[in-house]
């Protein structure tokens, strides 16, 4: 937490443009954007969807402070509770309570496993409804002919991904590891004891999963 003298500071990036894209559902990742669109339209999203977008904003992809995401949830969630909201954001960003920072929600794979046909995306992002299930979670990988048939050319009608997830998550895992190495210097905190030497590429399904697909 910034300006809190008893906390080890995490040097989060300050990137208002990236924060705005996330909050407006314009990241270029359909699963993330569909979740944020539902949040804006209905004031509610499933708790696992909350996990996914929180991880994406913070330690997973954008490396933006959990406090910024907390403010957006506080504004938009009908069931927002200050203490639960703050605690959940600290937990999911691995700023507190949870130390398995090497497990990240994949913004493509997690949604695909949850809803293989992409019905959720088609509901909240109708611009993408013409894509076959094979490409609806990563439409940028669709051939140009498929994009034209779907009447949605990536980079024209729907944004390109704002980051390379595999690269961003790898870098952010290393960043977080360095923070936890600072913590390990404090007496009684052996927080790196369970961190594997090869922490993966950050493509896992979530905090409780070691699946890196």
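For all residues, glycine too, the Cβ spot is worked out from N, Cα and C.
For residue 80 (FAD binding site), the same-chain residues that are 6 or more apart in sequence and have a Cβ closer than 8 Å to its Cβ are 73, 74. What TrEMBL lists as FAD binding site is 79, 80, 81.
What TrEMBL records for 4-178 is domain 'Cryptochrome/DNA photolyase FAD-binding'.
A sphere of 10 angstroms centred on the C-beta of residue 12 (site 'Electron transfer via tryptophanyl radical') encloses 20 other C-beta atoms. DSSP assigns residue 12 (site 'Electron transfer via tryptophanyl radical') to coil in the three-state reduction, outside any helix or strand. If you look up TrEMBL, you'll see 12 (among others) marked as site 'Electron transfer via tryptophanyl radical'.
Taken from TrEMBL, the feature site 'Electron transfer via tryptophanyl radical' covers 66 (among others). Other Cβ atoms within 10 Å of the Cβ of residue 66 (site 'Electron transfer via tryptophanyl radical') number 24 in total over all chains.
What TrEMBL records for 89 (among others) is site 'Electron transfer via tryptophanyl radical'. Annotation for residue 89 (site 'Electron transfer via tryptophanyl radical'): spatial neighbours 54, 58, 66, 67, 69, 70, 73, 95, criterion Cβ-Cβ under 8 Å with sequence separation of six or more. In this structure, residue 89 (site 'Electron transfer via tryptophanyl radical') is part of a helix by DSSP.
Long-range C-beta contacts of residue 81 (FAD binding site), restricted to its own chain and to partners at least six residues apart, with a cutoff below 8 Å, are absent. Here the Cβ of residue 79 (FAD binding site) has 9 other Cβ atoms within 10 Å, regardless of which shown protein chain they belong to. DSSP gives residue 80 (FAD binding site) a coil state; it is part of no helix or strand. Spacing of residue 79 (FAD binding site) relative to residue 12 (site 'Electron transfer via tryptophanyl radical') is 27 Å (Cα to Cα, whole number).
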